[in-house]
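Have a look at the structure below, then the notes.
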């Protein structure tokens with residue numbers, strides 16, 4: 001947390017049919033519906049999250065991600081980072097408090113990769129859902145579906161990875177946890193973190209700007225991932241790959257699609273990092289094993305289906 005950016009806070013997704021998407025994210029993934037607003041957006045959270053929402057669904061003509069938000073320490077930090085983003089050369093816009101329900105003012109910026117991100121300092125604190133703050137039980141007993149624990153990260157496809165790396169490391173205080181490099185030393189994927197997590201956001205080199213690969217949610221155990229696979233089959237949900245293990249981050253994972261075609265991941269495990277750790281490097285000739293550790297073969301759909 002070198003620059004005051006603490007953690008991923010929310011993601012706003014575009015969906016083609018709001019009620020179908022809500023059934024998916026609420027009843028299958030197990031997120032909790034927290035609110036709706038006058039624009040028709042739906043606000044959800046995972047049970048262990050302390051702020052009011054982490055996922056916002058907006059009905060639109062095309063699927064994809066509108067923006068991903070990160071929480072900063074306080075309003076002074078937000079003001080300082082807005083200035084540094086401008087100095088870096090980013091397109092910056094201030095979104096007033098309340099535009100997202102019960103969220104403070106936000107500073108939105110366009111990364112060189114073509115994705116919109118935003119920073120905010122304040123959001124209504126609702127505490128963990130379904131358990132008390134004093135003498136809490138282990139977990140709520142009436143969770144649905146996969147019982148997602150938290151919104152964990154997003155993976156983006158876009159160009160200008162080096163400039164995006166410089167923005168996230170120099171201005172926002174992320175560090176490089178893991179990477180894939182070509183023979184000539186060019187980095188073609190970068191996994192960036194703010195904490196001891198394997199990553200909080202990741203970028204893959206792609207010819208088009210602003211493409212969205214997946215939104216990821218954390219589960220506690222491998223048995224939970226297998227149970228998620230059962231639920232995917234029970235509900236005839238479109239599956240992408242898994243259950244399997246990544247070489248990158250070593251997370252145990254399964255990927256599937258929401259009704260609009262946005263890719264979701266649920267996973268458990270994964271690597272950890274401390275400040276004295278060096279980045280983990282994979283070479284491009286081992287990309288199959290890096291992505292799918294067991295099969296060691298690239299899956300064309302996984303690599304090319306984007307929103």
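Positions of Cβ are set from backbone N, Cα and C atoms, glycine also.
Annotation comment: Swiss-Prot describes 7-122 as domain 'VOC 1', evidence class sequence analysis. For 150-269, the entry in Swiss-Prot reads domain 'VOC 2'. As annotated by Swiss-Prot, Fe cation binding site applies to 153, 214, 265.
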Self-check item: CB contacts for residue 265 (Fe cation binding site) [other CB atoms within 10 A, all chains]
Solution: 25
Self-check item: Lowest local Cβ density (other Cβ within 10 Å) among binding-site residues: 153, 214
Solution: 214
Quiz prompt | Mean of the pLDDT scores, which run from 0 to 100, over the domain 'VOC 2' (150-269) | solution = 94
Quiz prompt | Secondary structure content of the domain 'VOC 2' (150-269), with strand meaning DSSP E or B | solution = 24 helix, 57 strand, 39 coil
Quiz item: Per DSSP, what is the residue count of the domain 'VOC 1' (7-122) in each of helix, strand and coil?
Solution: 25 helix, 48 strand, 43 coil
